[in-house]
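Pulled from TrEMBL, these are the features on record:
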REPEAT    4-82  repeat 'Solcar'
REPEAT    91-179  repeat 'Solcar'
Amino acid sequence: MPVKHMLAASAGEVVACLIRVPSEVVKQRAQVSASSGTFHIFSNILCQEGIQGLYRGYKSTVLREIPFSLVQFPLWESLKALWSWRQDHVVDSWQSGVCGAFAGGFAAAVTTPLDVAKTRIMLAKAGSSTASGNVLSALHGVWRTQGLSGLFAGVFPRMAAISLGGFIFLGAYDQTRSFLLELGRERP
């Protein structure tokens, strides 16, 4: 993947996180607080922490998403190229999806510690040292209290969900891309 594509993807992640992070903060807090509704949680965050409370974990989310993309997309392209070379023709969309599933699952596995840190930061008690958003400090705290297993907590469900998403998204992406390219060739 050319450097300009990686930079564009990284910039896209930074912007996408402007929407993703507040919704993730509210969702995660709703998941651990069964008695409160979503709007109540949203209101409490704004009242108690201000707008910065909605963006708690922004930096850690970006620090998770960029390495994830830098692993997933080049691996996906490499797997497709290898499969194409082995069968002596371009991969079909379903094959691209399979490559996407493997690439996404692998990227999910290697970035799980960053996901754990992000989650800890988002769910930390307001004013605590973890809530400050220091990713290395959050990782060190997990390592100190739970070791390697703590850093990879939830790795299998994360891999499964992202593999499925990679199969669907990247397979559909390739199918749509092929369709549009073919449509463009047919028009004068």
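Please read every residue number as a count from 1 along the shown chain.
For all residues, glycine too, the Cβ spot is worked out from N, Cα and C.
A TrEMBL annotation is a machine prediction, not a hand-curated record.
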DSSP puts the residues of the repeat 'Solcar' (4-82) at 70 helix, 0 strand, 9 coil
Averaged over the repeat 'Solcar' (4-82), what pLDDT does the predicted model reach? 90
